[in-house]
Amino acid sequence: MNDLILIINAGSSSIKFSLFIQTAADPALLYKGQVEGIYVDPQFSAKNAAGDKLADEKLPADAPRNHDYALRYLLNWVQSHTEGRKLAVIGHRVVHGGTAFTKPVKVDAGVLAELDTTIPLAPLHAPANIGPMKALASLLPDVPQVACFDTAFHRTQPEINQLYALPVELAEREGIRRWGFHGLSYEYISSVLPDIDVRAATGRTVVCHLGNGASMAALHKGQCVLTTMGFTALEGLPMGTRTGTIDPAIVLHLMTHLKMNAAEIESLLYKESGLLGLSGVSSDMRELHSSAEPRARMAIEYFANRIVQQVGSLAAALQGIDALVFTAGIGENDDELRRLVCTPLQWLGVQIDEAANKVRSGEPRRISTAQSTVPVYVIPTNEELMIARHALHCIGL
Ligand code: AMP
């Protein structure tokens, strides 16, 4: 039976996968796993839906350390765990869709050629996303593939929220606009909101996607009005190792006074800054919480402060706020960070329920008091399920 859906999320040094099975309702997760450290010391791991470890092994030492081999290794494992069932479709997470792709698309030769034109917009991610599509087209030519874009959800932003105040001709020619990212996560949240809070789903909701990468989005009737990430995933909130928004003249200063080149500045902005740079301790929230170093606490408070500022900005863009949602690794698990964000938002009508905020659960939940005029929710995101739904829909199943 062709009822399996394979989701591929390929990055520059890892390929993550999830395997779903089609059901009468939403697709159900069977396995998830990844090959990490592709060019260094590739390691494969996989778990079942309950989280039990099924594999954790190094790839053969004499095998090529590249994406192609990692993909074939992963595919072999998947195919030996399908129990006679077959793949109906493969869904890919693609970081950048440019202007060409505003919704998921079935992959064919024309789409692959068009995707190649997005490489200058995401030079690190796009080749990693596109490579597995090309490889799978020859490895499994009969299985349709669907590409789902992290930028697509943000194309509903009003034009002025997508523009930078740069000369129009230059910006258009170079594709310099506020693309926004984490779109599949926001789309998932938007898809489940009607079951959680109808007023939030039909009204004005600010969603905080707080993980290693962090961004926020203002949703009106479930559609994006404004998001904090822009041309790249560097704009907006500070993140694990990324600066978030800084004065662009800092870059000029680094070039002219410190004579730093593009690669050095890129490393500084993407890999050495954010929570890691501020704290000098770690990019990982859990390590910051357990550190006695005062700068670790300062980094946490800085992060919360910038989120609070953005809630104000996004609520202004929405002309009000009917709900606030936390999601992703930090948003779903870090009650202290949520408390630090919600407490200064009392002026907006946010009143956090301290006990509800401390509850640990994998389910969507409300963490504000009954009196809070703005309800606050924790909603676990599920980008892979969003891709699985799109993949089935795109091939008409
Ligand atoms: P993500 O990129 O969505 O996987 O999120 C990764 C981030 O979530 C890292 O900064 C982790 O430290 C953070 N995180 C995961 N679990 C917890 C937790 N229990 N408490 C605080 N932060 C957490």
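Including glycine, each Cβ sits where the backbone N, Cα and C put it.
Noted in TrEMBL for the protein shown:
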- Asn9, Glu383: Mg(2+) binding site (BINDING)
- Lys16, His209, Leu210, Gly211, Asn212, Gly213, Asp284, Met285, Arg286, Gly329, Ile330, Gly331, Glu332, Asn333: ATP binding site (BINDING)
- Arg93: substrate binding site (BINDING)
- Asp150: active site, proton donor/acceptor (ACT_SITE)
- His182: site 'Transition state stabilizer' (SITE)
- Arg242: site 'Transition state stabilizer' (SITE)
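Sequence features, as recorded in TrEMBL, placed on the structure.
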residue	record	Cβ within 10 Å
Asn9	Mg(2+) binding site	24
Lys16	ATP binding site	17
Asp150	active site, proton donor/acceptor	26
Leu210	ATP binding site	27
Asn212	ATP binding site	16
Arg242	site 'Transition state stabilizer'	25
Arg286	ATP binding site	12
Ile330	ATP binding site	25
Glu332	ATP binding site	20
Glu383	Mg(2+) binding site	22
CA-CA within 10 A of Arg93 (substrate binding site), subset of recorded positions Asp150, Leu210, Asn212, Ile330 in residue order, equals Asp150
Near His182 (site 'Transition state stabilizer') (Cα-Cα within 10 Å), the recorded positions in question, chosen from Lys16, Asp150, Asn212, Arg286, Glu332, are Asp150
Lys16 (ATP binding site) and Arg242 (site 'Transition state stabilizer'), compared by Cα position, are separated in whole Å by 22
Note: among recorded positions Arg93, His182, least Cβ-dense neighbourhood at 10 Å is Arg93
The number of other Cβ atoms within 10 Å of the Cβ of Asp284 (ATP binding site), counted over all protein chains shown, is 16
Of Lys16, Arg93, His182, Glu383, the recorded positions whose C-beta sits under 6 angstroms from any atom of ligand 1 are none
Argmin Cα dist to Glu383 (Mg(2+) binding site) over the recorded positions Asp150, Asn212, Arg242, Asp284, Arg286 returns Asp150
Arg242 (site 'Transition state stabilizer') sits from Ile330 (ATP binding site) (Cα to Cα, rounded, in Å) at a distance of 15
For Asp150 (active site, proton donor/acceptor), the spatially nearest of the binding-site residues Asn9, Asn212, Glu332, using Cα atoms, is Asn9
Expressed in Å to no decimal places, the gap between the Cα atoms of Glu332 (ATP binding site) and Arg242 (site 'Transition state stabilizer') is 20
As a whole number of Å, the Cα atom of Arg286 (ATP binding site) is distant from the Cα atom of Arg242 (site 'Transition state stabilizer') by 17
